[in-house]
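Peer 1: Got a structure for you, written out below as structure tokens; questions coming shortly.
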């Protein structure tokens with residue numbers, strides 16, 4: 001028995017760990033985008049979202065004011081402060097080229113020299129090298145340049161140099177007179193920058209608010225109307241006797257799986273012919289038609305399971321079918337109505353296909369899915385902060401709905417699938 | 001603001017119209033056509049009972065007929081005509097499609113989707129349902145895995161585009177590769193396997209659905225069968241695969257077919273992820289390439305999708321009739 005008990009606990013740990021792993025895999029993508037939607041767009045480019053809580057090394061290009069140039073020996077010198085031109089407290093590195101903006105660290109000097117090099121074929125050429133050395137020790141030169149050519153000693157001619165302290169005090173030395181402000185590159189550790197900036201941008205400048213309202217406008221009528229139509233039909237299919245009933249039920253089951261794609265061209269043509277065209281009215285009608293099979297199927301399945309006694313005794317007491325339906329069956333079917341409402345709401349809110357076909361293609365009528373897929377992914381392709389914020393603006397409502405009404409959602413799924 | 005007002009009006013007109021229709025039609029039936037007060041009282045009540053179901057059913061049958069039955073015929077009819085819809089070309093659109101490389105790729109990928117997505121989603125769903133069953137935090141875990149269900153296909157695609165991003169400072173997959181010293185790759189451009197990276201998005205979204213239903217089915221298994229097998233010395237794996245899974249076979253099939261149907265409808269993911277490039281096209285997204293451009297070909301593609309669905313649809317109807 002000890003053995004079995006021991007095995008059990010080992011298995012339990014494995015179970016815990018594997019479920020944890022699966023949950024992490026399932027959650028990580030969403031969390032990543034969610035975190036990114038709050039991050040500063042520059043920081044998104046610099047480090048992965050998994051490093052979001054840590055400071056980010058960010059490079060800045062600074063052009064200091066050209067004031068107080070002095071001459072020291074044969075060099076021109078510009079000194080001053082870079083403070084305020086970069087975010088964060090301390091300078092972590094600096095440089096004189098955009099290629100390597102963090103070449104030197106505070107306490108060091110970055111300099112450019114002209115040197116003569118001996119190329120592989122023995123030819124002598126002049127080139128420029130950039131070196132870094134501790135300021136106090138003075139320059140020292142490598143034996144070869146980046147291309148592997150030997151540098152001929154003592155041919156170095158000073159061109160320019162830069163040193164920056166941690167506090168942002170810089171000293172720029174130049175062999176020529178400084179007539180234009182030099183470009184200084186500074187790398188600073190910026191503290192994590194979280195905020196609602198992306199959301200503000202997307203909602204104020206990108207017409208996403210309009211798309212949000214359009215989505216809402218499409219969704220609500222497209223959820224309410226099919227419920228009503230389907231409820232009556234479901235009652236008839238569940239509690240009224242008439243020839244051909246089982247055929248109709250089978251027909252609804254068949255229609256459940258008819259691909260939506262078939263309806264696009266003929267129905268759009270029809271909408272154009274009867275004057276509805278591509279419009280909100282058209283998409284409400286389309287969503288109503290497409291949602292009905294599931295609605296009728298779910299509601300009928302639920303209504304069939306209601307206790308026969310209640311309905312029959314009401315009929316014996318003289319209630320008409322209409323009264324039985326409105327006073328007894330409809331209130332009792334609330335859970336099924338709720339679960340279909342959630343399905344239809346999620347489906348219409350998240351739909352891209354029907355919106356692309358049945359709504360006008362101008363930007364005033366875009367719903368959020370169309371806005372993201374057809375506009376933002378193209379125009380804001382690499383701007384992940386904006387894209388993430390847009391995605392979460394569109395996800396927030398269904399997600400809230402999902403967690404608030406999960407019970408009904410699960411119930412509806414079970415009613416539809418487990419027999 | 002006008003769409004909102006239009007929307008509110010539609011709700012009022014739609015809901016009001018429906019209620020008025022149902023109420024008025026029943027009233028007319030009971031009071032004017034077959035009044036229960038005349039001499040043929042009994043006969044009239046019977047007749048009214050015969051007509052009433054159709055009053056209840058009419059709006060639904062009308063909408064279903066218009067939006068789902070008519071298009072099957074209408075699409076097929078339209079697919080026999082050329083682009084402008086004026087010239088009858090018989091099966092010309094189909095000949096064209098079957099000769100086209102893009103169509104063949106789409107059909108091939110579509111079968112890949114039908115094979116992989118339902119299988120993977122059902123598999124993960126089943127495993128997670130079983131594993132979370134005994135855990136104290138199982139419901140929380142299930143809730144989190146179920147969550148992608150609420151996300152739109154476009155949103156989900158965006159989420160995964162972020163995961164798959166080429167830049168190792170953005171995409172987590174390439175960040176892992178980078179930390180192992182490998183150069184970043186764009187997984188959406190690897191021939192053939194890119195399909196699986198796209199399909200996984202669908203698996204990610206549908207696993208929750210499979211899990212919820214299979215977990216309910218697993219709980220419905222009679223305790224005695226499991227207890228008996230424990231007494232007989234079966235190990236946990238044997239219990240799961242030999243005792244539990246066979247008992248929920250019918251539910252597994254339902255889940256499998258439901259996800260298959262859904263898979264056949266989804267164009268959003270491919271459209272958002274690659275736009276059908278890099279040989280990732282599937283039929284629904286392939287159809288959208290022709291939508292608004294050549295209705296004849298678009299309807300032909302749609303009808304091919306219908307033909308793929310048809311066998312399972314017939315099987316589904318048979319199953320439903322057997323139960324009714």
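Yeah, the Cβs are placed from backbone N, Cα and C, and that goes for glycine too.
A TrEMBL annotation is a machine prediction, not a hand-curated record.
Here's the feature list from TrEMBL:
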TRANSMEM  B:6-29  transmembrane segment
TRANSMEM  B:50-70  transmembrane segment
DOMAIN    B:107-316  domain 'ABC transmembrane type-1'
TRANSMEM  B:111-132  transmembrane segment
TRANSMEM  B:144-163  transmembrane segment
TRANSMEM  B:196-218  transmembrane segment
TRANSMEM  B:252-278  transmembrane segment
TRANSMEM  B:298-317  transmembrane segment
Peer 1: With contact taken as 3 or more Cβ pairs under 8 angstroms (pairs 6 or more apart in sequence), are the transmembrane segment (B:144-163) and the transmembrane segment (B:6-29) in contact?
Peer 2: no
Peer 1: For the transmembrane segment (B:196-218), which stretch among B:111-132, B:252-278, B:298-317 has the most Cβ pairs under 8 A?
Peer 2: B:111-132
Peer 1: Sequence-remote contacts (6 or more beyond its ends) of the transmembrane segment (B:252-278), Cβ cut-off under 8 Å?
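Peer 2: Here the qualifying positions are 110, 113-114, 117-119, 121-122, 125-126, 152-154, 156-158, 160-161, 188-189, 191, 194, 198, 201-202, 206, 209-210, 213-214, 217, 245, 284-289, 305, 308-309, 312, 316.
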Peer 1: What residues in the same chain, six or more past the boundaries of the transmembrane segment (B:6-29), come closer than 8 Å to it by Cβ-Cβ distance?
Peer 2: 48, 51-52, 55-56, 59
